[in-house]
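Student: Residues annotated as transmembrane segment in TrEMBL: A:20-42, A:86-106, A:118-137, A:143-161, A:173-199, A:205-228, A:240-265, A:271-289, A:301-325, A:366-386, A:393-410, A:508-532. Residues annotated as domain 'Oligosaccharyl transferase STT3 N-terminal' in TrEMBL: A:21-423. Look at TrEMBL and you will find A:467-493, A:749-780 tagged as region 'Disordered'. Annotation comment: TrEMBL describes A:749-760, A:769-780 as compositional bias 'Basic residues'.
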Amino acid sequence: MAASSETKGEGTLRKAFGGVLGFFILLLIGAFAFSIRLFSVIKYESVIHEFDPYFNYRVTQFLTKNGIYDFWNWFDDRTWYPLGRVIGGTVYPGLTLTAGSIWWLLNNLNIPLSVETVCVFTAPIFSANASWATYLLTKEVKGTGAGLTAAALLAMVPSYISRSVAGSYDNEAVAIFALIFTFYLYIKTLNTGSLFYATLNALSYFYMVCSWGGYTFIINLIPMHVLLCIVTGRYSPRLYIAYAPLVVLGTLLASLVPVVGFNAVMTSEHFASFLVFIIIHVVALVYYIKGILSPKMFKVAVTLVVTIGIAVCCAVLAILIALVASSPTKGWSGRSLSLLDPTYASKYIPIIASVSEHQPPTWPSYFMDINVLAFLVPAGIVACFLPLSDASSFMVLYITTSVYFSGVMVRLMLVLAPAACIMSGIALSEAFDVFTRSIKLQLPKLFESPSGSGDIDSTQDEVVKVDNKSATDKSETAPKERPSKKNRKKEREIVETTIKKPLNAKRLLVLPLEASSVAILLLIIFGAFYVVHCVWAAAEAYSAPSIVLTSHSHDGLHVFDDFREAYAWLRHNTDVDDKVASWWDYGYQTTAMANRTVIVDNNTWNNTHIATVGTAMSSPEKPAWEIFNSLDVKYVLVVFGGLVGYPSDDINKFLWMVRIGGGVFPHIREPDYLRDGQYRIDAHATPTMLNCLMYKLSYYRFVETDGKGFDRVRRTEIGKKHFKLTHFEEVFTTHHWMVRIYKLKSPKNRIRGKSKKSKSNSKTGPSNSKRHSNLRKNPW
Amino acid sequence: MNPTQACIRVHNWVLNVDDRRHRGGHGRSPSALLSGNQVLGMAKSNTTDAKALIRSLRSAYAATPISLKIIDLYVVYAITTAVIQVVYMGIVGSFPFNSFLSGVLSCVGTAVLAVCLRIQVNKENKEFKDLPPERAFADFVLCNLVLHLVIMNFLG
């Protein structure tokens, strides 16, 4: 008796020790996830990156200054002039509300952080939360060891780092956390059948809908999984409890968010959930009736019901198909269609096709973004099948669908990252299982000392007593202090609870001692490569704020701060109500930093408006001036990289302007700007190209820099070197000529002529005809 | 493939039984026309089958405990209310669409939650024998609270 209680005491002590160790490991993982994302703050400064985050930052500023009611009802007149934008109804409020509440909480605790600091550091905080959520999710699927491994992998995976560095204040920063947490709660409900977790699941889904448009992935994946469970015969009451309340509560909560509104019940993205809702009720009814009737009566019931049921089903299906087919896109939104059919966007929606993030990824980008995990994922998929449970079938479905979608758009590699980490975590922990088990079982034979073997026998016996899961139990709560402690990261495998083995006594795999020790060594080196790659990617590849550029020259580090210089000039040297026109890439930054009204911005919701600006940039000076004048524009901003070799400037984007403009105004034709199908700006360029506004505004006075006008990006000398601007005047060019600001000249008061009287009569004639001809040529 | 053969295929899938028995005179000669007597015989056997089915369903259902019957009555009441609302919407039009949605979804929602409660409280369910019914009821109340909070917000 004393011996058994003693061994039980030691067992609980070991479990407690494992629990505490696991807690500290999780804490360290969180701290690691936070700190690996701080490279840009250290190398540059605590600044918001890119373009979209500036909009979110501006919205958060408004929220903190004016309160939530004004934010909810905000109509923004500083953008998309003269249309304006309903911010309350078109923005996903999750991110801004999260950052706003963190700021409000901290300020009420008398920690006076500025809004910008909170915005910059929101993403790293939520990435730590995401790794903890990954731990919880993988623990539900496989166990604690796999959970810790998956959490560690997610903390570092480069694809997630790329969208959540400190300063990247974008929707995905909180959305990935919400995604993983929702999946965790769904699996938890599925495993326990508790309605409490179902409620929490619905609330977490609500948070996901608030945060990101990618919530449609959840509301299609979960019904797919339910259908899979039903079809493979795994229907259980827990499945019903996990799914049915989620659909009802989830649809209601999704309709509460103004961006989604009634789309939650009317667009095709949600129909899958309703369909599976009906199917699961039918299946539940069938199982219930089967339970209360005798088998003979049940067969009778089936025959009768099926004859009637099929007829009704066909009728309903016919109605549904007619309804859906009547809409041209079959009820799907453009963005969703471009995901399902990768060629859709390039054919119909050039704006979506023009964004570089929406291009399909190349093979090297898989290796760059998920590195070593690409090799571990297939092993994880196999491990999920041994044994197959509801949760592991869900994981297999998740990884398959996310691999498909990541192949459509580079941006969706982000959704692949958590799935890949979980699969790899499962694979790694299973592999470590086998190897350490082999070593542990064969090490006593190596030592061959009686006292040593006695100790080991007792520990083995105690392990058998503590975990009474299977007859031939040689499970892994046994101390793993024996394997080498070279890499502290691998100590996580020490705290593994028993994997759910089948109760029939299965012969466990034991490999030779040398092979398993070499294999463990190789796995540790493998992991080390992964860590090194992730830290390198975080430091070098994904930490550029893209609003400040640097280059290394022979005399040290050179910093290009031209963008902020230009916006600051605009802020201090123009009137508050002046309108600034530029290509849509710079809209958010202009409204946020320069605080001026813009014509088009990154939201790209109005294609015609963008096409108007594109047409203006592609037209000669006078028509362009007329277009801009009709929009009350005062200043035009262009980005030019020819002096310093900055490749993402407006001349490189110019063909997209032509295409988008030409899509709406047919007098702009792309072949007019190409010489023999080639896009050039040198002496052989077409006259349309050399006369268009974009060329003139980019290269005005460029020849004065080096006497020859050599464009470093296009690597040629420019075609037209000496020209004057008639309708625009240059007001500011930044230090490295990267941003150039021009002002529209006001129309002349007098028109030069010999005599006013005779000219006035004849003036109206030709000017009228000119106006008419202008009308015929272009609608302005 | 005629409809009866399709039925039989589904029939087998549900029961996992290789059943070759047919009703009436079908199946022996799929292409032969049925005589009037055969059709009458088939209809009669169908109605007797239906009556037997309904009788057995009724007797089986009468055996359920009364607490579960109360929950079933509540579910039927909720669904009826939802149907009434849909009919009303069909007559009057769906103008405040959010009100219509919240009304119908609240009925459907409480029905679903009541079914979940019934599943958890039913003594015949082996999976939930460790769950005390008080806990199941508390979860039910909590979920309903959240549902109705959302409904009140969405009702407009």
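Cβ coordinates come from backbone N, Cα and C, glycine included.
Note that the coordinates shown come from a computational prediction; the quantities given were computed from them, not determined experimentally.
Could you give the neighbours, burial and distances for every feature on this list?
Tutor: Across the domain 'Oligosaccharyl transferase STT3 N-terminal' (A:21-423), the prediction's mean pLDDT works out to 88.
For the transmembrane segment (A:86-106), the residues of the chain that approach it from at least six positions outside its boundaries are 56, 59-60, 62-64, 68, 71-76, 112-113, 115, 118-119, 122, 126, 169-171, 173-175, 178, 207-213, 257-259, 261, 603, 605, judged by C-beta separation under 8 angstroms.
Sequence-remote contacts of a segment are chain residues at least 6 beyond its ends whose Cβ falls under 8 Å from one of its Cβ atoms, and for the transmembrane segment (A:205-228) they are 92-95, 97-98, 171-172, 174-175, 178-179, 181-183, 186, 239, 242-243, 246, 250, 253-254, 256-257, 260, 269-270, 272-273, 275-277, 279-280, 335-336, 393-394, 397-398, 401, 405, 415.
Panel annotation: around the transmembrane segment (A:271-289), residues 219-220, 222-224, 226-227, 230, 235, 237, 239-240, 243-244, 247, 250-251, 298, 301, 324, 331 of the same chain, lying at least six beyond its termini, place a Cβ under 8 Å from a Cβ of the stretch.
Within the chain carrying the transmembrane segment (A:301-325), a Cβ under 8 angstroms from the stretch's Cβ atoms is held by residues 268, 271, 289, 293, 331, all 6 or more beyond its ends.
Counting residues 6+ beyond its ends, the transmembrane segment (A:366-386) has Cβ neighbours under 8 Å at 141-142, 153, 157-159, 162, 392-393, 395-396, 399, 406, 413, 416-417, 420-428, 430-431, 526-527, 529-530, 533-534, 537, 541 in the same chain.
Non-local neighbours of the transmembrane segment (A:393-410) in the same chain are 141, 183, 186-187, 190, 217, 221, 224-225, 228-229, 232, 234, 338-339, 342, 356-361, 365-366, 377, 380-381, 384-385, 416, 419-420, 422-423, 426; each lies 6+ residues outside the stretch with a CB under 8 Å from one of its CB atoms.
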Student: Sort out the residues at least 6 away from either end of the transmembrane segment (A:118-137), same chain, that have Cβ-Cβ distances under 8 Å to it, and list them.
Tutor: 26, 29-31, 33-35, 37-38, 41, 46-48, 53, 56-57, 60, 95, 98-99, 102-103, 106, 147-148, 150-152, 154-155, 160-161, 163-170, 173-174, 176-177, 180-181, 183-184, 187-188, 418, 421-422, 425
Student: Report, as numbers and ranges, every residue of the chain located at least six residues beyond the transmembrane segment (A:143-161) whose Cβ falls under 8 Å of a Cβ in that stretch; write 'none' if there are none.
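Tutor: Same-chain contacts beyond the ends: 18, 22, 25-26, 29-30, 32-33, 36-37, 127-128, 130-132, 134-137, 176, 368-371, 373, 413-414, 416-418, 420-422, 424-426, 428-430, 432-433, 476, 489, 492-493, 495-500, 530-531, 533-535, 537-538, 541-542.
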